[in-house]
Amino acid sequence: MPHSDELDAGNVLAVENLNIAFMQDQQKIAAVRNLSFSLQRGETLAIVGESGSGKSVTALALMRLLEQAGGLVQCDKMLLRRRSRDVIELSEQSATQMRHVRGADMAMIFQEPMTSLNPVFTVGEQIAESIRLHQNASREEAMVEAKRMLDQVRIPEAQTILSRYPHQLSGGMRQRVMIAMALSCRPAVLIADEPTTALDVTIQAQILQLIKVLQKEMSMGVIFITHDMGVVAEIADRVLVMYQGEAVETGTVEQIFHAPQHPYTRALLAAVPQLGAMKGLDYPRRFPLISLEHPAKQAPPIEQKTVVDGEPVLRVRNLVTRFSLRSGLLNRVTREVHAVEKVSFDLWPGETLSLVGESGSGKSTTGRALLRLVESQGGEIIFNGQRIDTLSPGKLQALRRDIQFIFQDPYASLDPRQTIGDSIIEPLRVHGLLPGKDAVARVAWLLERVGLLPEHAWRYPHEFSGGQRQRICIARALALNPKVIIADEAVSALDVSIRGQIINLLLDLQRDFGIAYLFISHDMAVVERISHRVAVMYLGQIVEIGPRRAVFENPQHPYTRKLLAAVPVAEPSRQRPQRVLLSDDLPSNIHLRGEEVAAVSLQCVGPGHYVAQPQSEYAFMRR
């Protein structure tokens, strides 16, 4: 049945009165109510709101992916203009017809790349499959196009990455693969669900620029789901604000940022962390929290005397971590990924040291190496005077009670067969800390501390949004009252209100219990807010380390300055330069086996502030 006359000529998508519900305990729970919007050709519509507001389920409903998950979808109209210019009603399409629509006419970049990529196929096979299916290309042509798309999203050694499996890539790399796959068939509508959440600011800038370029080339409509208001200001033409499943405000990006009408929109904007807000301050400051009655009151500075003088709780010296790459007919190790190269730092009780850098710079590997989740090839890791790198498995398990890890991908770190209450209570049982009733009470307290309800303990991970799952992982890490928490992108998946709550919670726990944090993040505004010291990593080495105020207010290394320059600003009138200061050819940290890389030499430029001496081998130093 033709629908061309029902869709305005300039529109590629129109939705009227979308309602989404789920059945729980034989009750219908509404997730989205009476949502209507349209999308013009070449336009970017940003959908923003808190975690659980209905943003992602709206996208899944458009892709017709909710029915198989038990979602109840009702809609008066859900029209799509395909690449062929034919207009179809999405709700009328069969499962077979939708397989031809997805990817070709409407593509989606999902929030959690590890669960969206098939672990048993290489990256190249997965991108090429979509190209072969929708473009009738041969296998060879599809692989050539797959390599070109990886180059487009700035993945170094793209030819090598084609033959890698998803688990062999960092979180940021996996997200770039997802973006390459979604853009490979040049769809009429691209739905991007938090596409840059896992990316550092420099790659984020390139991806946003890439989406803009392809959007202009193809007159592609983009629905951009995000909680990052800086990204919204940079990429959006119109903004739709959602709150508790309803659209509370919509307008142009200038109207939303300069004249917000709804109290929630005003509170959302007021809670956005601004880079430079900590200028002149030495200690971390609590985030303002969203309140509809009192939009984002400014919190007073923390009385921050948490750093304990004396011996560091964690001492790392010349840490080296490498991964072998095999090739050839005999499958021999011929090359190595130099993930971490001679990294050294100290962490004091009550201190927050942030590790920042691009995806693939070695941040996450450094954190994992500290707990021996990956084995290192050299260096020393000393916790409270005890060598971690030489401990037996039994002693290492006991030590992990004092050092906890918050992982980057919350869905992959929760057992889908266990309720979240069981997941949180498990470390208490393993270490024999609390009897049954006390452990259950502890779980309820932890859930409340991270902004969830005690009754959520009986639910399973798939019943929560991405942001809610990350809060569950944080509650689990806090269960044992550890001395050190390694937080790997712990708040990157959270919206600004929950992010503020979690950061404030971490600061409260640091003040009350003297917890030390190794905070791994690409969100420079959050890093500025929470850190005592900052270490900048590039190609597996620390190129600048020092007090947060010194690094942010007086960055000495060119790479540090480029990281700060790439941060999006939550102000539509203050656009970044069209070309963010990045080199055209990304250097690689893959080297021939036995080849040694010269370690950088750090030079003192101020109290506790050290910077790598200029060396010609850094690509970014040559520009």
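A Cβ is built for glycine as well, from the same backbone N, Cα and C atoms used for every other residue.
As recorded in Swiss-Prot, the features of this protein are as follows:
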- 15-269: domain 'ABC transporter 1' (DOMAIN)
- 49-56, 357-364: ATP binding site (BINDING)
- 314-564: domain 'ABC transporter 2' (DOMAIN)
For Ser53 (ATP binding site), nearby residues of its own chain (Cβ under 8 Å, 6 or more apart in sequence):
Met242, Tyr243, Gln244, Gly245
Please work out the number of neighbouring Cβ atoms within 10 Å of the Cβ of Gly49 (ATP binding site), leaving out its own Cβ.
25
Look at the binding-site residues Lys55, Lys363 and tell me which residue has the greatest number of other C-beta atoms within 10 angstroms of its C-beta.
Lys363
Give the residue from the binding-site residues Ser51, Ser359, Ser361 that has the most other Cβ atoms within 10 Å of its Cβ, counting over every protein chain displayed.
Ser361
Cβ contacts of Gly357 (ATP binding site) (under 8 Å, same chain, 6 or more positions away):
Asp200, Lys363, His522, Val536, Met537, Tyr538, Leu563
Reduced DSSP assignment, Gly49 (ATP binding site):
strand
